[in-house]
Amino acid sequence: MHPALAVGLVFSGCCSNVVFLELLARAFPGCGNIVTFSQFLFIAVEGFIFQANFGRKKSAIPVRYYLIMVAMFFTVSVVNNYALNLNISMPLHMIFRSGSLIANMVLGIIILKKRYSVSKYLSIALVSVGIFICTLMSAKQVASYQTSNVDDGFSAFLWWLLGIAALTFALLVSARMGIFQETLYKEFGKHSKEALFYNHALPLPGFLLLAPDIYNHAVMFSQSEPFQLPVLGLQMPIMWFYLLMNVITQYVCIRGVFILTTECPSLTVTLVVTLRKFLSLIFSILYFHNPFTTWHWIGTLFVFMGTLLYTEVWNTIGSVAGKDKKETKKD
């Protein structure tokens, strides 16, 4: 598949996914488990058919390593979903998760004994300042929460602090998973599609622990107002429609990222994912009128400038421009 088409899949799939996720979260803030379970089930079934060949294809990487990776992946997914139910807004949730560069660098220094250039440290500083600004502004919004009871406002702030702690924990675990995956790829070769399947198939039994919550939300979804599907003319509860569209767009997004990793350099993939995050953020703010102050915008700018600096996109643009000038002089 052409890389340009893959980029289109990433942008269309991920941006649409954010819209349907927020529609679900606004109606039922605690619906993260049923959303995650549906996404995992869909990708696992697709991978079982087309990647594992109905279980007949042997994995290139031993399954015991996937079990370790899956434990971390499952933990990150569940904790991130619960954070949305702890007074964490969707824009702050998205910006905070953009701080994965910080977690990856810190754990890279500690675990892999890596050393980085000055530009890398500067990029991490920009991202850190951006996240701090956005977090501080959101903290003020939560602190100014107006209720008839002062204790209710203090309670909301404590839940918000717990949400920040959950996001931080998920960020560190996600970074550790990335380092673990990197070492596996070095030893056994890169098998992204296989990893995608096992990361979504192996955690499925873990959802049995969340079965009551998933069942309760399934019942609530079924009781939502009916929605008539365009073209088909069939009716279904609108929350099930949102969930279906969320699952499909999530698959399109992940599939697009996978194609990019096989067709393009890592710099291109990082840049596309970064721009996708920014567009998703704009979607969330404009479409749902989320509260976003000037300071939030400044913090967001710091986060994405730091991310772009980390990918050394400025050096790439400069080298391309210099090459064009030399070719022009020759002509």
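Each residue, glycine too, has its Cβ placed from N, Cα and C.
These features come from TrEMBL:
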- 37-54: transmembrane segment (TRANSMEM)
- 66-84: transmembrane segment (TRANSMEM)
- 90-112: transmembrane segment (TRANSMEM)
- 124-145: transmembrane segment (TRANSMEM)
- 157-175: transmembrane segment (TRANSMEM)
- 196-218: transmembrane segment (TRANSMEM)
- 238-260: transmembrane segment (TRANSMEM)
- 267-289: transmembrane segment (TRANSMEM)
- 295-317: transmembrane segment (TRANSMEM)
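The transmembrane segment (238-260) makes no contact with the transmembrane segment (157-175), as judged by fewer than three Cβ pairs under 8 Å among residues 6 or more apart in sequence. Counting Cβ pairs closer than 8 Å to the transmembrane segment (157-175), the top stretch among 37-54, 66-84, 196-218 is 66-84.
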